[in-house]
Amino acid sequence: MPGAIYAEGLVKTFGDVRALDGVDFDVPEGTVLGLLGPNGAGKTTAVRVLTTLLRADSGRAEVAGLDVATQPNEVRRAIGLSGQFAAVDDYLTGRENLQMVGQLYQLPAREAKARAGDLLERFNLADAGDRTARTYSGGMRRRLDLAASLVVSPPVMFMDEPTTGLDPHNRQALWELIKELVAGGTTLLLTTQYLEEADHLADTIAVVDHGQVIARGTSDELKTRSGGDVIELVVHDRERIPEAQDILRRLGEGEPGLVAHTRRLTVPATGGAKLLAEVIRELDGRAIEIDDIGLRRPTLDDVFISLTGHSAEFDELNGAGNGNGGRDGGRDDGREKPPRGPDPGRPDPGSPGPGRTGEGPVRDDGREGGAA
Amino acid sequence: MSIDTRRAPSPPPAPAGGRITLRQNLRDSLVVAKRNLLRMLRIPETVVFGLIQPIMFVVLFAYVFGGSISIPGAGLSASAYREFLMGGIFAQTVTFATAGAAAGIAEDMQKGIIDRFRSLPMARGAVLTGRTFADLAQTAVILVVLAVVAFLVGWRIHDGPLSALAAFGLLLLLGYAFTWIGALIGLSVRTPEAATSGGLVWLFPLTFISVAFVPSENMPGWLQPVAEWNPFSATVLAVRDLFGNLPPDYRAPDVWPMQHPALASVLWSVLIIAIFRTLAVRKYQRATG
């Protein structure tokens, strides 16, 4: 029996772009699927198809056992949607927004009112409940948006990049909230660009790129798939980096990656602790001082790069090794939706987000902008 | 922050087949109308500008053109022209709601809020119907203010309150019909700015090539039938008649809508609603992603 969210062979094209190119997934009731992928991978399109906002060209999708194409209205009763852009009315107060959504979910007016009060309380918006939403901060707007999607505590929730643009404190708070929600039995589909977020919240992860699911599994399964461990070290003295790189190249598996401005080197390795000891001995032998060294399991970052090969594209351009230099290779989101004007909720592309376990590499957003 | 999902209400079960009833459609429309009225109250500039133009027109036409436009049955009389004028100004004013509806809907379509609406189990047309209801309420307020200004420049109701109410009814119906044209414009353009100008620009020829400001008898022969069959003219003439603003010797042009202006006004308005509501709701439903 298909799960609470089920998709089979979804295809959606916009002009020449295949935003969805045969996407399948099956999310069992009460679990979280993380759709992980860069901007423009098709994550938002998938959410829009599943929430009845967009019709797929072909394929089939069911939410809570209801067909999104033939029973859209029933589907809408069973879902909550919290999108990338806080979908609240700026000129209504928080309370009025929630009340309106409650009534449009067909709750009686009194119930909608009571529910709005409850939600404001729970989402820490009680004090701001009677102010118009335009006076809210970004975090407050997100909370209000999320509250609006939970008015009827729908069995199936969709969250499209719920923490994009939030500061670390608000992000953490939202994660806690999402966990509580799932603990209460909600099935959730969550899209994110942040590997750490998927790692943290999702039971299963589907890595999406160019409209296709290129890998799926639990976070552990995906990490195991990339094999072995990663040795990561920080060289104290910038001039000694090439020497350290030579050592890693010799002892590790493949070309060491370098994040120049933090003097951080990484290399995949299979020899475990023994190999780590050897690296330390060699560095010591040549008197190369290091600030930090460690053996770690690959992060989803490493997995993502090995799957999508984006680092390879990036590396050819900047001549870095196989490492993490390209992990954030920015791709233009333009193909997923029509322009909506300036979005204050978008993070500064250069600012470190969650999931960037290494220090953010130098970005050049124009470089891979040809995805659309 | 914590949430207690156990206490959350579940939505009432969907009616069989998931069909949306007329009653739900009306209820959802009223919820959306309330939202739009709250917005109007919090952005009062739009209502204020909605008032300035008709008031300006009253003053300009009454005093600048007043003595120079001849009215059939009354000749060149400034006071007769002021009485004659007001039906035109009233009707023109209600059609300006078109621009407000167009801009409001274009703005909504650009914002994330439309995704919220479209993902809710609400009647499909309610986003548009709610907006047109709110514009109707705004138009009613503007009409009241305008009537006061008109009174100050010498306009009077001569045929009793019932006829006057019927006249205001025809005006509101026309205004309501035009907001559906506005809704379609709002859905067809990319920006609220384009919607505002797109909602206004064609209203000028429409309202001027009519009997609103100048009797059709004063126009060149080829233009007279255009003015007389103009949907807008029927309402103007009907309203003049119901307010008792026509000179005693006035004889309406000998074409059907001018001979039966009240009936023609209702028919035109209903026809406009039927066509443009259908087109707008269809366009709204197709405006996906």
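The backbone N, Cα and C atoms fix where each Cβ goes, glycine too.
Positions annotated as transmembrane segment by TrEMBL: B:43-64 (among others). Residues 78, 81-82, 85-86, 89, 92-93, 96-97, 100, 138, 141-142, 145-146, 149-150, 153-154, 213 of the same chain lie 6 or more positions beyond the ends of the transmembrane segment (B:43-64) yet place their CB under 8 Å from a CB of it.
Feature annotation from TrEMBL assigns domain 'ABC transmembrane type-2' to B:45-287.
Under the heading transmembrane segment, TrEMBL lists B:84-106 (among others).
Taken from TrEMBL, the feature transmembrane segment covers B:140-158 (among others). Counting only same-chain residues 6+ beyond the ends of the transmembrane segment (B:140-158), those with a CB under 8 A from a CB of the stretch are 47, 50-51, 54-55, 58-59, 62, 79, 82-83, 85-86, 89-90, 93-94, 164, 168, 171-172, 243-245.
Within the chain carrying the transmembrane segment (B:164-187), a Cβ under 8 angstroms from the stretch's Cβ atoms is held by residues 90-91, 94-95, 97-106, 109, 128, 131-132, 135-136, 139-140, 143, 157, 195, 198-199, 232, 235, 238-239, 242-243, 262, 265-266, 268-270, 272-273, 276-277, 279-280, 283-284, 287, all 6 or more beyond its ends. Taken from TrEMBL, the feature transmembrane segment covers B:164-187 (among others).
According to TrEMBL, the feature transmembrane segment maps to B:194-214 (among others).
Feature annotation from TrEMBL assigns transmembrane segment to B:262-280 (among others).
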